[in-house]
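Right, one structure below, let's go through it.
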Amino acid sequence: MFTGSIVALVTPMDDKGNVDRASLRKLVDYHVASGTSAIVAVGTTGESATLSHDEHVNVVLQTLELADGRIPVIAGAGANATAEAIALTECFNHCGVVGCLSVTPYYNKPTQEGLYQHFRAIASCTDLPQILYNVPSRTGCDMLPETVARLAQINNIIAIKEATGNLSRVGQIQDLVNDDRFILLSGDDASALDFMCLGGKGVISVTANVAARQMAEMCRLTLAGDVHAARRLNQSLMPLHRDLFIEANPIPVKWATKVLGLIATDTLRLPLTPLSASARPAVERALQHAGVL
């Protein structure tokens, strides 16, 4: 369940900004049918930063209910305050999620020791598997491989989503952790194939929101060693990997998901605003290039 194509799911909203359950059901069904390995509910792509605590928990629980055991659900549970990250994680202790994804604290820029203490405190409040999430381009904080290796010694810290796009991190973390049970997941669609070739086990993917079957197949081929076929498939996805970040995630992917009819609106919570008209043709061309539109 912690391998292959794991979708970082968008959170569908109606015109008033409330969670759209009908669209959420359609999304879950789409990923079940497309072979997605698991769903991350309310991560960065799910607009965790603009949902209240209660909304955050509710979206995860709704996703679980709609999944109904057909696909594993991972709860986004990160926060830049350790106490809030613990409070979120504790909400998911006995609800049925298979694990939690917890991002490095953003804005307050902790030291490496602060990062270690933060994640150790979260892990101590739960028996759920914990996936670390390192995305310095968004958080302003880079968790170094040495810190990852320290955290990997904690029993229920079982994986990292590495979203630096720096492929040398794969080998650095593997060498320092020296434990094949610790799972490395790419957090960067564009380099995910090469990440897996170096020993990663999958990707937590934005692209999978709109090209779920293709991402699942690309991961399957890569992990099976058929890299030539995987690269051929991935070439059709490269414009999506690029243009789904033409504006800040999840702005483009939410518009693309609406264009495909998977959600009813591309409503986002302020300060995020819908995809600008000038950026839409590039995303539309990328969808066409991938063969999904």
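Placed from the backbone N, Cα and C atoms, the Cβ positions cover glycine too.
Note that the structure is predicted; figures quoted are calculated from it, not measured.
Other Cβ atoms within 10 Å of the Cβ of TYR133 (active site, proton donor/acceptor), summed over all protein chains shown, number 27. Summarising the annotation, Swiss-Prot assigns active site, proton donor/acceptor to TYR133.
Of all Cβ atoms in the shown protein chains, 26 besides its own fall within 10 Å of the Cβ of LYS161 (active site, schiff-base intermediate with substrate). The secondary structure of LYS161 (active site, schiff-base intermediate with substrate), as reduced to three states from DSSP, is extended strand. Swiss-Prot lists LYS161 with the feature active site, schiff-base intermediate with substrate, giving sequence analysis as the kind of evidence.
Swiss-Prot lists THR45, ILE204 with the feature pyruvate binding site, giving sequence analysis as the kind of evidence. Annotation for THR45 (pyruvate binding site): same-chain Cβ neighbours under 8 Å, separated by at least 6 residues, are ALA8, LEU9, VAL10, VAL206, ASN209, ASN249, PRO250, VAL253.
Taken from Swiss-Prot, the feature site 'Part of a proton relay during catalysis' covers THR44 (among others). When Cβ atoms from all protein chains are considered, those within 10 Å of THR44 (site 'Part of a proton relay during catalysis') total 25, not counting its own.
The feature site 'Part of a proton relay during catalysis' is assigned by Swiss-Prot to TYR107 (among others), with sequence analysis given as support. Within the same chain, residues at least six positions away from TYR107 (site 'Part of a proton relay during catalysis') with a Cβ under 8 Å of its Cβ are ASN80, THR139, GLY140.
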**Asked** Expressed to the nearest Å, what is the distance separating LYS161 (active site, schiff-base intermediate with substrate) and ILE204 (pyruvate binding site) at their Cα atoms?
**Response** 7
**Fill in**
For ILE204 (pyruvate binding site), the same-chain residues 6+ apart in sequence with C-beta under 8 angstroms from its C-beta are ILE6, VAL7, ALA8, VAL40, GLY43, LEU101, LYS161, LEU185, SER186, GLY187
**Asked** To the nearest whole angstrom, what is the C-alpha distance linking THR44 (site 'Part of a proton relay during catalysis') and TYR133 (active site, proton donor/acceptor)?
**Response** 10
